[in-house]
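Only one structure is covered here, and it is reproduced in the block below.
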Amino acid sequence: MASVWQRLGFYASLLKRQLNGGPDVIKWERRVIPGCTRSIYSARGKWTKEYTLQTRKDVEKWWHQRIKEQASKISEADKSKPKFYVLSMFPYPSGKLHMGHVRVYTISDTIARFQKMRGMQVINPMGWDAFGLPAENAAVERNLHPESWTQSNIKHMRKQLDRLGLCFSWDREITTCLPDYYKWTQYLFIKLYEAGLAYQKEALVNWDPVDQTVLANEQVDEHGCSWRSGAKVEQKYLRQWFIKTTAYAKAMQDALADLPEWYGIKGMQAHWIGDCVGCHLDFTLKVHGQATGEKLTAYTATPEAIYGTSHVAISPSHRLLHGHSSLKEALRMALVPGKDCLTPVMAVNMLTQQEVPVVILAKADLEGSLDSKIGIPSTSSEDTILAQTLGLAYSEVIETLPDGTERLSSSAEFTGMTRQDAFLALTQKARGKRVGGDVTSDKLKDWLISRQRYWGTPIPIVHCPVCGPTPVPLEDLPVTLPNIASFTGKGGSPLAMASEWVNCSCPRCKGAAKRETDTMDTFVDSAWYYFRYTDPHNPHSPFNTAVADYWMPVDLYIGGKEHAVMHLFYARFFSHFCHDQKMVKHREPFHKLLAQGLIKGQTFRLPSGQYLQREEVDLTGSVPVHAKTKEKLEVTWEKMSKSKHNGVDPEEVVEQYGIDTIRLYILFAAPPEKDILWDVKTDALPGVLRWQQRLWTLTTRFIEARASGKSPQPQLLSNKEKAEARKLWEYKNSVISQVTTHFTEDFSLNSAISQLMGLSGALSQASQSVILHSPEFEDALCALMVMAAPMAPHVTSEIWAGLALVPRKLCAHYTWDVSVLLQAWPAVDPEFLQEPEVVQMAVLINNKACGKIPVPQQVARDQDKVHEFVLQSELGVRLLQGRSIKKSFLSPRTALINFLVQD
């Protein structure tokens, strides 16, 4: 390491280079140091005292490319380091970023920078969820090919992300509509098919009778009409592809218990899956004693009692009554609306070979989301009544012993088993024979993935009249999309029109065959993308197992609450499946999850429901009214959208306030999981502007003190000044501890900023002598800038460049010849750890901040004890003594207690 005098010589040399307009790159200790070591303001030999809007813009312009280059030079190959994989949900390339994007990517960028400063091996990848209906709609409306529209949008949005100063791992970029990605989506589909987890059956779709095409739910308006033709949409049965997600319901439900708290999201996942207490079993169907080749799957909550089956019940809306089944006529002839109807159709249990009748129930809705269930009188009084009413034969298969134990009887090899043992044995046997048996709930359905669309991943199946559905050989993947010149939005699947592509030979018998013309739901593409990021350029497999095992699971997954159910469920399903295929060792894909809230804008709505632009609203009176008609308006906060005229253009607000200001506002305005009401007139925006100014002013005072010509000499401090410095040392350590916890545990970055604001406030009150002579002040100021850097990288980089040239420093544990973003994250001093740890508890009275008091860490979560600590403190005696306290609330997320007082 260089000596102090060598470093001073280096700084003097650097200052001279900058003053003389020297190059932006110099060499120091065999390292190439970019010009970011010194700012353009210091290059003029003068530190700018005021941090104005123009200063902010100039600082960000100067540092933008330099920070980007710093990030790109960080190696990602050192597997000896502990890893941290932070992932934000990738966007659909619609063509323009919105403020929701800015929020989620600001959070992920901040966490990634923090973890790098902790010495972690970090990836923060970005890509594009690029298949989907909007591209196809654009092809119809604008006569553009979906691919060119998508690629143009990606190019534009990538530039927008770059302008926001976000440091993604761009070398890992993926795009789901490119063959090098969807080849592996097809590969995973074939693996699912081979495992019996991908299958076809009839299902309802939205049908436009005018355009003769299938519509997505988004293409049907609130009146049930087609978005394009205006025709009343019909429900039509088509043969569709499904993925058997119910096969993993129990495993995914049980795995939730091993995950850390996801702040309500685990509960949403559990509710979506339901109570996994039963299973589906498969039946073949006969009519008049003749096999039909058709199958029926039905649910039972008591599969252990299957030998006591009396019938299989279906609802009046079941596909067998409305689809293309050969049994439809026989079933409909037996149907009497409003009555339980015995039919001539018999169901043969593929596990037990029992033959029982199919019954159409009078009631339209069964339990959960079922449309068929197995009738077992031994375990259901309702089934008993129905069987007796229709004269159906059945056996009692459960007997209760004197001690209350229930055992199976008349149940083949399961006879004598307890119900619990029989449940496990029978479901296992059914799974082994692939005739059902996967333990699931009565509400969870299998995942319908068919889309009658062009712009999606082709399903790699060939339909052969001899061999039936046959997967494309793995060596022939990818099945690429054919080039279709024009899109009309009418007729069947666009792929069905590409005859040269559709007509092919069967991979098995080599006879004439046809390709599957449906494409996959885009949720399939995003259900495994987190794996591909670990090994994005692998041409031989979706990902290398060893590489994926190093990076997985994702340490922190960040995205919108709207994806906390379906996308998360599908992603977890694929991860469980890949684990069982021995592709990865981890079963769950995500460790911690942060579901951030929305950014909402203010809306103004007429009684008719029409939304108005802000320019059309008169805000001068006590209530907003329509400027023209003077009608009163309904004022609400809603998710930003063009149709509601409440959106904000990220580029415009960045141009107006600067990147760091918008980053800090987004992080400070609310906890990440809460919604932000976008209103720049609130305290949050002025607050972060003032804080940046305070950081700048603190640095200015420090630079001026050390430039006064006096040498810093700690021994010159008086006892009072030493005590002042000691308090700064304690405060600094407390803030480091709490801010680090916020970054690693609860991600309350708003609270982290509050802590840093408190530290900057304490530093601003320091006496001139402490600023000049105290190593504690210097250390606290530097630690403050390092901790603020992940959230405001541009201003802190500029400040650090100013601090770097201050001579005669007292702290030797900072690396002054590199940028603030390359500093090590501050650590709590060992001496502080030996003291009883205290938390600075913020005290509010009637929601108004009144100050802070130190509270021992061990009682900081105890409502009653914190209450008493406050009352006995000097602050509590001064502000609360003699007043009527109605109630106090201790925040579960941050060190804050609020007293409600009645005056």
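Placed from the backbone N, Cα and C atoms, the Cβ positions cover glycine too.
Look at TrEMBL and you will find 61-257, 444-600, 638-678 tagged as domain 'Aminoacyl-tRNA synthetase class Ia'. The domain 'Leucyl-tRNA synthetase editing' annotation in TrEMBL covers 271-330. What TrEMBL lists as domain 'Methionyl/Valyl/Leucyl/Isoleucyl-tRNA synthetase anticodon-binding' is 727-852.
Taking every listed stretch (61-257, 271-330, 444-600, 727-852) in turn, the largest tally of C-beta pairs under 8 A with the domain 'Aminoacyl-tRNA synthetase class Ia' (638-678) is reached by 61-257. Looking at 61-257, 271-330, 444-600, the range that has the most CB pairs within less than 8 A of the domain 'Methionyl/Valyl/Leucyl/Isoleucyl-tRNA synthetase anticodon-binding' (727-852) turns out to be 61-257. The predicted model assigns the domain 'Aminoacyl-tRNA synthetase class Ia' (638-678) a mean pLDDT of 89.
Using DSSP to sort the residues of the domain 'Aminoacyl-tRNA synthetase class Ia' (638-678) gives these counts of helix, strand and coil: 18 helix, 4 strand, 19 coil. Across the domain 'Leucyl-tRNA synthetase editing' (271-330), DSSP helix (H, G, I), strand (E, B) and coil residues number 16 helix, 25 strand, 19 coil.
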